[in-house]
Structures are given as structure tokens and as C-alpha cells.
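Notes to accompany the following structure.
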Amino acid sequence: MSHIIKIFPSNIEFSGREDESILDAALSAGIHLEHSCKAGDCGICESDLLAGEVVDSKGNIFGQGDKILTCCCKPKTALELNAHFFPELAGQTKKIVPCKVNSAVLVSGDVMTLKLRTPPTAKIGFLPGQYINLHYKGVTRSYSIANSDESNGIELHVRNVPNGQMSSLIFGELQENTLMRIEGPCGTFFIRESDRPIIFLAGGTGFAPVKSMVEHLIQGKCRREIYIYWGMQYSKDFYSALPQQWSEQHDNVHYIPVVSGDDAEWGGRKGFVHHAVMDDFDSLEFFDIYACGSPVMIDASKKDFMMKNLSVEHFYSDAFTASNNIEDNL
């Protein structure tokens, strides 16, 4: 059975079956509601239920006035939701295309830069910041796209997760010209048009979508002030010199690496990466912040930044979770 689902304040509607999540129904209808992990872990798809009833994956029933996760809840009745909708993504169509490995380079002890080439007529048409699903040998995992356009294929940053199915395949046997498949574009993490200064907050391979977005801004000769905070446990884990190069070549780009572990060789900033932001700015009222990393980092930074006058409408995030199909994107 299907029900009409209305989204406010954009005043759009679509049909959703009782056996599919609200988010899946929306995406099938070409309506891009805000989301990231699609597994119920990141909380980014949280919406206000204005009318109707839904059931979540555990069988819990929610009604009017409740907050729900659209990736986990299915409609029991007609619904009205207060949820974010992105018309910028309306023209995108998710597709699956073949690709071959161009190169697979180990750039740190546990991170590999994977570059894939697609057929000239099989582009996915992503926005900088979005991600793809990588399919190989019956395993599917999600990875953020690390380059800003498809002219040179697709670049991914893959961390070697202990017992990770996909990362074990990639680190163990991948060779040049290996045939794989990618599905995308996915996600609602992309740059919003604005003249506000930007803070990028990255943890680990959360640098991948940040790289994509910063490259896009630089190529477009953006004059907004750009601050890149990149956190790692140890200084040896920083696997790219690009942020430092950007800061040296562009006077509006500022790079602040932060180390959280006990690292005797590190003479720079120490502690949690979002604490460095807190220390550097008295107020975040006029900033746009893009955060990409673990759900713990994103939750902590969002709460703390709001104490520095950041409006929740100007906090954009993409959480790398270890559940379901994105365990190797941490």
C-alpha cells in the first residue's frame, strides 16, 4: 500500500510504499531529502513529523510531533514532514557505470588513493562533496569523491579498516585495469552558494570531500575566506600536502592541521580538531561550516559550535559510519 508524503516548507509531495523507507521513496521520486549514511547512525536525515504515523526498523511507532529518521522510517499513513529538500540536486539521476583502476597508491600506513577511469560516455555528474557506492566482487561500500570534476575520472581515499570487506580487497589484490562498478552520485553534502567565510572540518579521510570542494572553489576563483582544519591522531597520518600548498598559493586559504594523539615529533596544534576552531574564533555566527568525519566528531562539533553562535542552518555535515555499506569510509 502507498501513501502520499508531503514535505514542508517546500510544499512538494511524492508517494511512498509501506515497505520502503521515506528516504528511499523520496530518492526514487527524484526528491533529494537531506541524508548521509542511510543507516540510522549519523542523524543527518532527522525530520519533524507534522502529521501521520510511521514505523521504524525496530517496530517503534511515531506520530505527530515526533522527530524521525527518514532513512529508517516507513509510512503507515499519509504523512506531512518538515524536512530539508535540495532543488540543486533535482536534475541528478543515480546510475551505475563500469570503471577500471587507473592507479592505487599507498599514501600513508593505512590510506590508499584509488583513481578510477570511466568510459567517456558514462559520467555520473556529481557535485563536489558527494559520494559514490563502489561495487566489487559482491561487496558494496560508499566513498566520498576526492576530485572536483570527472575530466580525469574518479578519485577515492580508502582507509584500510581491520576486517573491512572492501578495504581488504582493495589493499590485498587490486591491480591496474581491475574492473569495478560505481553508483552515484549520492548524498546532500555540497557547497551552498553564499558569500560567508567557510570552515572545513575534516577527520581522517574526511579530507576527501573537502579536497573536492576546495579544488572546486579555487578553480572558480572564489574569494571567500576558507579555513581548513584537518585532524589526525598522529602527524605521520597526514597523507596530502595539498592543503599547505593551497594556503601558500592563495591568500584566502588557511590551513590548520591538528594532532590528537601523543606525538613527540609534532610541534603544531594539538587536541580535538574542532576545539582548534573554538580556540580561533570568538563567534561563528557569520560562518558556513562543512564537517566530514566520524559521527562523534560531527555531533560534538555541532553542539560546541552552536555555543559560539553558529546557526544550525549553516552547519553541513557528512558522517563516515562503520555500519552497513560504509564501514570502509572511516
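Glycine is no exception: its Cβ is also placed from the backbone N, Cα and C atoms.
Residues or ranges marked as domain '2Fe-2S ferredoxin-type' in Swiss-Prot (evidence: sequence analysis): 3-89. Swiss-Prot lists CYS37, CYS42, CYS45 with the feature [2Fe-2S] cluster binding site, giving sequence analysis as the kind of evidence. The domain 'FAD-binding FR-type' annotation in Swiss-Prot covers 94-192 and is backed by sequence analysis.
Its Cβ taken as reference, CYS42 ([2Fe-2S] cluster binding site) is surrounded by 24 other Cβ atoms within 10 Å in the chains shown. Within the model, the domain 'FAD-binding FR-type' (94-192) shows a mean pLDDT value of 95, rounded to a whole number. Residues in the domain 'FAD-binding FR-type' (94-192) partition by DSSP class (helix H, G, I; strand E, B; coil) as 9 helix, 46 strand, 44 coil.
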